[in-house]
Amino acid sequence: MGASGPRRGPGPPDGGWGWAVLGACFVITGFAYGFPKAVSVFFRALMRDFGAGYSDTAWVSSIMLAMLYGTGPVSSILVTRFGCRPVMLVGGLLASAGMILASFATRLLELYLTAGVLTGLGLALNFQPSLIMLGLYFERRRPLANGLAAAGSPVFLSALSPLGQQLLEHFGWRGGFLLLGGLLLNCCACGAVMRPPPGPSPRPRRDSAGDAPGEAEAHLAGPRVRKAPSGGRTRRRLLDVTVCADRAFAVYAVTKFLMALGLFVPAILLVNYAKDAGVPDSEAAFLLSIVGFVDIVARPACGALAGLARLRPHVAYLFSLALMANGLTDLSSARARSYGALVAFCIAFGLSYGMVGALQFEVLMAAVGAPRFPSALGLVLLLEAVAVLIGPPSAGRLVDALKNYEIIFYLAGSEVALAGIFMAVATNCCLRRPRDGPPSPGTEGGAGDGEEAEAEVDSDLPPAGTEEPGGLEAVEVPSPGTGPSQPEVKMEPGLALESV
């Protein structure tokens, strides 16, 4: 299984070391999505010690989520420049350091900077590279792989929430933060697993664009370099913002923005909502575990369902159905006060939430294709960060002002349901393929994600030695004689960011 072992043909291996990568993605996804929600267990203790309201305390989770999403473009650039493994190792150290430093905080501002900014940045530098690497190892089994990796979120949520409650009772919130910081060092071990996939065979077949089929995938695992003949230019695109002109990407981005306004609100407020309804603390914390247990089953099952030949071309509609189901669950459970009603809400919410989690990145991969997925993911996460900064803090302020959770569930459910309706209508009206045109496998209104997509994207790039407007362009200028060439960098206005 070493780098010098037998090599497969061109294309993702769909197995092998990919299963180890999938296991690491499982852990990273669990920390990235489960950790900001599990931290809400400590909110009441923080409110008591710092004399703050719930809305002020909720900013810790909101900033953590905003950093997880908002630094998406930065993570995309770093992955393209340095590769997945170094970025993830640094991210694991930052995430751990943030929680350890937070245990010594004496003001809420210090919590915002440590647990919010630093830990959130560390989680972001782990989350996005793990998804990129998963896409490099799986193609035919990609929906199932995405579903299994996404199952890490409910597994860790169901474990971290009771663990946080126990740590709070035995060590206080400071000791709990310190121990959770040590737990986050496991992200470094996961980063060490992320080695690039095996390259193409020694004599690869070249596609119509002139690139080997495995070349587009290789640049995602490490720096992307366009090979040029002797004396030509070596170019690399760090962030491809031209993907914003893709209609499928635009529809997906708007859907994710609307979704993020309300999707996380019920999960963040659930524990405190139950406590205010008279539910004991231990039982209130267990409600998140119920959501997690249902979510564990829903995500792999939905991933396997989306991988069926009949359903995979229509995965966007399945995603919109999951969003509408989640929104209707919030709306129908806004008046739930008894413990039994809250348990029923958690079951329905966990099922629909799991479907959304299993499909969201599969839809994006199918829409834009594997070569443009890192840039598209970074830009989508940036939009989602804005929504996360609006949604949960606004919900917390409404709770402080109205002392009523009912309006919060109505607002959150309406936003998520609207996202599902928009996705279905826009996909049907704007992205539906002509009947006489054969659809590409695994796509819905966007570029394919196999060799065809790679050829399409690479064919859009000019050949080596030509100029392209926009970005930071590095030009190799041959020096006289036989000495090494000296780089000459010139800046041009535009959208694309390119570097040596």
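Placed from the backbone N, Cα and C atoms, the Cβ positions cover glycine too.
In TrEMBL this protein carries:
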- 16-36: transmembrane segment (TRANSMEM)
- 18-431: domain 'Major facilitator superfamily (MFS) profile' (DOMAIN)
- 57-80: transmembrane segment (TRANSMEM)
- 86-104: transmembrane segment (TRANSMEM)
- 111-138: transmembrane segment (TRANSMEM)
- 144-163: transmembrane segment (TRANSMEM)
- 175-194: transmembrane segment (TRANSMEM)
- 196-231: region 'Disordered' (REGION)
- 249-273: transmembrane segment (TRANSMEM)
- 285-309: transmembrane segment (TRANSMEM)
- 315-332: transmembrane segment (TRANSMEM)
- 339-361: transmembrane segment (TRANSMEM)
- 373-395: transmembrane segment (TRANSMEM)
- 407-426: transmembrane segment (TRANSMEM)
- 433-500: region 'Disordered' (REGION)
- 449-459: compositional bias 'Acidic residues' (COMPBIAS)
Sort out for me which stretch, of 16-36, 144-163, 249-273, 373-395, 407-426, has the most Cβ pairs below 8 angstroms to the transmembrane segment (315-332).
407-426
Beyond the flanks of the transmembrane segment (249-273) by at least 6 residues, Cβ under 8 Å:
36-37, 40-41, 43-44, 54, 58, 61, 65, 69, 161, 243, 284-285, 287-288, 291, 320, 323, 326-327, 330, 342, 346, 349, 353, 356, 360, 363-364, 367-368, 376, 379-380, 383-384, 386-388, 390-392, 395-396, 399, 405, 408-409, 411-416, 418-420, 422-423, 426-427, 430-431, 445-446
Note the mean pLDDT of the domain 'Major facilitator superfamily (MFS) profile' (18-431), expressed as a whole number.
82
With a cut-off of 8 Å between Cβ atoms, can you find at least three pairs linking the transmembrane segment (373-395) to the transmembrane segment (57-80)? Only pairs 6 or more residues apart in sequence count.
yes
State the non-local partners of the transmembrane segment (144-163) in its own chain: residues 6+ outside its ends, Cβ under 8 Å from one of its Cβ atoms.
18, 22, 25-35, 37-38, 41, 130-131, 134, 137-138, 271, 285-286, 288-296, 298-304, 306-307, 350, 354, 357-359, 361-362, 365
